[in-house]
Amino acid sequence: MEVSFSINGKIHKITPAAVPLDTSLTTYIRDYANLKGTKFMCLEGGCGACIVMLKGVHPVTKQNTSWAVNSCLQNIYSCHGLDIITVEGIGSKKDGMHKIQKRLADFNGTQCGFCTPGMVMNMFSLMEAKNGKVTMEEVENSFGGNICRCTGYRPILDAFKSLAIDADKNLLDACKDIEDLSDIKMCPKSGNPCSGKCSSLLNIEKNPMSFTFDDEREFHKVYNLEQLFKIMGTIKYRPYILIGGNTAHGVYRRSTDLKVFVDISSVEELKTYKVTENSLEVGGAVTLTEAMEIFTKVANENKNFQYLHEIVKHFDKIGNPALRNVATLAGNLMLKYNYLQFPSDIYMIMETIGAKLSLLSAPDDNLNPLNPSDFVNVSMRRKVIGKIIFPALDSEQSFFRSYKVMPRAQNSYSYTNASFLLKFNTNKDSVVDAKICYAGISEDLTHAERTEKFIKDKNIFVNEVLQQVFEKLSSEVHPDAKLPLAADDYRKNLAVSLFYKFILDIAPKNIIDTKYKTGSAVLKREISTASQEFEYIESRSKLYKKIPKVEGEVQCTGETQYINDLPKQHNELFAAFVLGDKVNGIIKNIDATEALQMSGVIAFFSAKDIPGINNFMPLCFDGFNYDVEEIFCSGKLLYHGQPVGIILAESFDLAYKARNFVKVEYSYEKEDEPIYPTIREVYKAKASDRLIDIPKYFIQAEKCGTDRKHKIKGHFEMASTQYHHYMETQQCVCIPSEDGMDIYSSSQWTDTAHVAVAEMLKVPQNTLNFFVRRIGGAFGGKISRHAQIACAAALGCYLTRKPVRLIMTMEDNMRAIGKRFSAISDYDVEFDDTGKIQKLHHHYIQDQGCSLNEPVQFNTSVFIKNCYNIESWDVTTQSALSHSASNTWMRAPGTTEAIAMTEHVMEHIARTLGKDPVDVRMANLTEDSVFKTMMPEFVSNVEYKQRKAEIDKFNSLNRWTKRGIAIVPMKYYIFCVGTMHGTVSIYHGDGTIALSTGGIEMGQGLNTKIIQVASHILNLPIDKFVIKPSNTLNNANDVGTVASVTSEISCFVIKNCCEMLLERLKPIKDENPDATWEKIVDIAFKKNIDLSVTFMYKEEDMVPYYVYGLSCAEVEVDFLTGNMLLKRVDILEDTGESMSPGIDIGQIEGGFVIGLGIWLTENLVYDQKTAELLTDRSFNYKPPGAQDIPVDFRIKLVQKSPNKFFVLRSKACSEPPVTMAVVVSFALRYAIDAARRDNGLKDSDWYTLEAPVSPDKIFLMANNKIQDYKLN
């Protein structure tokens, strides 16, 4: 007996002898089928990098169906009889690309490219499921489960929306210029564009399957209830699991004690549905996607099931499409059954509407249906949820609504879920029955039972009655105060405000005061639009032109290679860190005996096994490295998650399993030594031993003004740092070589790791060969931190003489590796009537984490002035040492918080004076500032004053929905350090050219710009050039790819190389004016002219310069939930003469959206007692998604200020936009102020708005009062 399936048309057959039970579809595709396009990241269905498409026969309809899945959650043994389509199966550069792949590449919808195959396959699956006919709305709604850290999503959505049946004309016009059918893969049968590999297995027999593995675990796949209960009869008392979609693993990790696995996803009786006059019966194994289709059909056909439309809207917010395609109704309910604290939307909704669950313990059971609340108290041993029975509800007298309030728009856990059902008498002036239900408040609360009883026989649409109901409800709701949940006072008040929102929605419209009406609605996001404005310089056709990225097509076909895509080596071992978990504990002993007794576990290494220096931050880099940071902790544990050693095993899964059996014993110097997880705890405790003055970066006032009529004090907090969230985690592959070791590292700066590994192993540097072709995102997180991973992997390789692959999981990456520097500041400022600062004292603290390495104040101290006159400013600074991983560079490090702190002061001054913040900013500019003209022009161009007036009018007319608007300027100092090499080699055989620099391509478009410059200088077509990887031979001692400038540095290097080559070739060209390039090269070769050139850039070659920018943001906020919409963003950025406008626009959009994460959605929460990071997974750490970006996103490049100081008059562009994202927090403050005024607070009542400004903080800052929850 064997499991059979196909991958891209090729039949695969597996048995337990060859493939372990725990093998996921991702692992099989990558490690057995050797298809590396499908990526490997979060391993819990939260990032979308692993999405593939499945095709199969539906158990009930017998129709061929297709659906997207997160392959990391799909067990390979559940794939029997399925066709699996990966990104390689729909197109390639060699055989032709699918139109989806081509369109995404042409729209510049890729940057690092790591997420791209998942994006492509999600769109491909959507098109297949909808028979090629999708709408723009469906496209925008389908990418909630796909995370892209680089692009800001806009070009991805535009590319895919251009394939919609209602595609916007602007998108279609853009396609006309770029579509080339010669690159499109055509079907040999139909002659039409290919839609993927043809099916191979749709007629396979579906017989029950049973397998027993060497560890005595069992896997069964069944197709009907008789087969299911036959297996259930053999289980006895062994722990088992019924598998529907396996999506629960993305919430709670599956028990390692399970012995029997039964796949019931194809059981026909559990996939059916039946409609009667009084009920709808839906099988327990029906997926959420199928349920939504069923509900829509039934609701459209029967008025007494109209409420199902509301459930469909709610289900659409659960998870993401790839999860909903396999997650089942019964599976969600069983998750609630096994974990009562789980805030199940489905359980809550079923309790509200009075649904019943029919349980089966045999094929022909007819047990009495249970309420969901009874179901969680019965034994489910060897039982299954057969069906869920939904009642008919009189749509004239029964009103149902449900709500899901989340920290971001899609694919997120909820702060609180709520669902309400009121049944009225005929006159609708008395409540006959009430159901008021919640999830996410507390484990014990589903029904607000006392309020449900109180509300009966009352007219809920009378203000006095409503107030009594709210008071009763408020007294009944008592949230659990558990991290990382939102504040309990938020969830308590949210429970009441959601019920008020419900009442506003169902109340007769004629009794509701107009100003309250918008409170009834959930914010609705329109289909997004965007514009990009730049100048096209016709005379320079190969440069200064928007072109697709040179790697874009191979990224879209999944053919790009990242570190973990390197072929598996003979005798290769997999490494996993063992992480410490007792902060302040001193390691007494590490016992790996139990782990090493496991079959396939090879070795454990710790600090005592290091032959050289136990430090991954070499002190020779004395400008940034001041402290030793141990590769493996040898003494006192500095933070929760600090590596103490590595396990080496024969597989990835085994290494991560075995590391849990390594025992670490600690002792303690002091009893109850304080633990400070973040800067906030250090600051509040005034822990002087952990606050270090950095006088080098103090700023002293030169002279102060005398018109000090006004004085204020304030406080700023950006205390939650930001995780880099590179899609490719930290990883390294080390391979023994004849001269030492070849090291493939996911690195922005190989020089640091080169030195660190050599010092650790006590070997010469020239025996270590580093190679980097590209990395899957970095954002500064791989400048220095990658060295720890390289050292650990290299140690394993050195001591075992075997190849070692260290691939960090997302959880380990978040726990062990440092993040963005956070900041807290206090200021007191004196100013005149115009808002011009007369005297300012500003003291800021930055969180270094557990070491003082990489002090970021060298940036902060420069950028804190932004574009203002600082002659009257005193600025002092300290570094805080906390019990967290040593923080490190992240895109716009120091600069982001510096500009935010200063702009915060400007906002405070404006609010105090009652002036427009733009006017205060203008009053504080330096006399020669470009913003003297640039800002007024921007204000005019974005129609700021008109829009602000409209917003003020809107706010005056609407009590619960408010809007806000703000503008922020940005002056960004660009400078370079170090040296960098570049090489250009011309091949005499055909005249093609290879380029290489020390710059690392990580999504910023560096390679594209290099080729454009080379093409421009040599006057050759772009297809003449290729980029070769960086390595420590050609790029020895090169500076890292940092600070936004490496693209320009690399272009400078290549420009000089090309000019040197032209000089060498000039005599030949002069002698042969009509000769082709190829002929000139051939002649040069025969004359022994050197056709290879190397050039080294040094920092003296560049004069520092400034980048200028402005941003304007408009928001809309629902103050009954705290949720917001980013309605419009305008960004104006000075790019000099942009060498590649398409690339630069992508960098600006992507950088701004990373900034949005800081100010809106990303929150790192630590346990206050242990310093454990509690938000360490895609499940609970939420970067912005596709529906969190601006609805209207407008970018304009200023190209009238050529940069005379550097290469081809261009400017760096990727870090400045991150700093401008703070504008959103000020727009939110504008809206919050309007709400606070309605709630009786004054503008002079200044408040600290901490980042991220998430819905809970927005809601609480508004200071809503229950007494104001009225109808009229």
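Placement of Cβ uses the backbone N, Cα and C atoms for every residue, glycine included.
Here's what TrEMBL has on this protein:
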- Glu1215: active site, proton acceptor (ACT_SITE)
- Cys42, Cys47, Cys50, Cys72: [2Fe-2S] cluster 1 binding site (BINDING)
- Cys112, Cys115, Cys148, Cys150: [2Fe-2S] cluster 2 binding site (BINDING)
- Lys404: FAD binding site (BINDING)
- Gln748, Phe779, Arg891, Ala1043: Mo-molybdopterin binding site (BINDING)
- 1-90: domain '2Fe-2S ferredoxin-type' (DOMAIN)
- 212-395: domain 'FAD-binding PCMH-type' (DOMAIN)
Nearest of the recorded positions (Cys115, Gln748, Arg891, Ala1043, Glu1215) to Cys50 ([2Fe-2S] cluster 1 binding site), judged by Cα-Cα distance: Cys115
Site of maximum Cβ density within 10 Å, from binding-site residues Cys42, Cys112, Ala1043: Cys112
Cα distance (Å, whole number) from Cys47 ([2Fe-2S] cluster 1 binding site) to Cys115 ([2Fe-2S] cluster 2 binding site): 8
Long-range Cβ environment of Cys148 ([2Fe-2S] cluster 2 binding site), under 8 Å and at least 6 residues apart: Gln111, Cys115, Met119, Ile156, Met727, Ala1186
Number of Cβ atoms other than its own within 10 Å, given for Arg891 (Mo-molybdopterin binding site): 25
Phe779 (Mo-molybdopterin binding site), number of other Cβ atoms within 10 Å: 30
Env. residues of Mo-molybdopterin site, Cβ within 8 Å of mean position of Gln748, Phe779, Arg891, Ala1043 Cβ: Ala778, Gly780, Gly781, Ile783, Trp889, Met890, Pro893, Thr1041, Val1042, Ser1044, Ser1214, Glu1215
Euclidean distance between Cα atoms of Cys72 ([2Fe-2S] cluster 1 binding site) and Cys150 ([2Fe-2S] cluster 2 binding site), Å: 22
Ala1043 (Mo-molybdopterin binding site) and the residue listed as 'active site, proton acceptor', Cα-Cα, nearest whole angstrom: 7
Nearest of the binding-site residues (Cys47, Cys112, Lys404) to Ala1043 (Mo-molybdopterin binding site) - Cα to Cα: Cys112
Cβ-Cβ neighbours of Cys47 ([2Fe-2S] cluster 1 binding site) (radius 10 Å): 29
Non-site residues, in chain order, whose CB comes within 8 A of the mean position of the CB atoms of Cys112, Cys115, Cys148, Cys150 at [2Fe-2S] cluster 2: Thr110, Gln111, Gly113, Phe114, Thr116, Ile147, Arg149, Thr151, Met727, Gly776, Gly777, Gly1003
Site extent for Mo-molybdopterin, whole Å (max Cα pair distance, Gln748, Phe779, Arg891, Ala1043): 13
Minimum Cα separation from Gln748 (Mo-molybdopterin binding site), reported as the residue among binding-site residues Cys42, Cys47, Cys72, Cys112, Lys404 that achieves it: Cys112
Residues that sit under 8 angstroms from Cys72 ([2Fe-2S] cluster 1 binding site) by C-beta distance, when 6+ apart in the chain: Ser24, Leu25, Thr26, Phe40, Cys42, Leu43, Glu44, Gly45, Cys50
Candidate nearest Phe779 (Mo-molybdopterin binding site) in space, where candidates are the binding-site residues Cys47, Cys112, Lys404 and distance is Cα-Cα: Cys112
Separation of alpha carbons, Arg891 (Mo-molybdopterin binding site) and Lys404 (FAD binding site) (Å): 32
Cβ neighbour count within 10 Å of Gln748 (Mo-molybdopterin binding site): 25
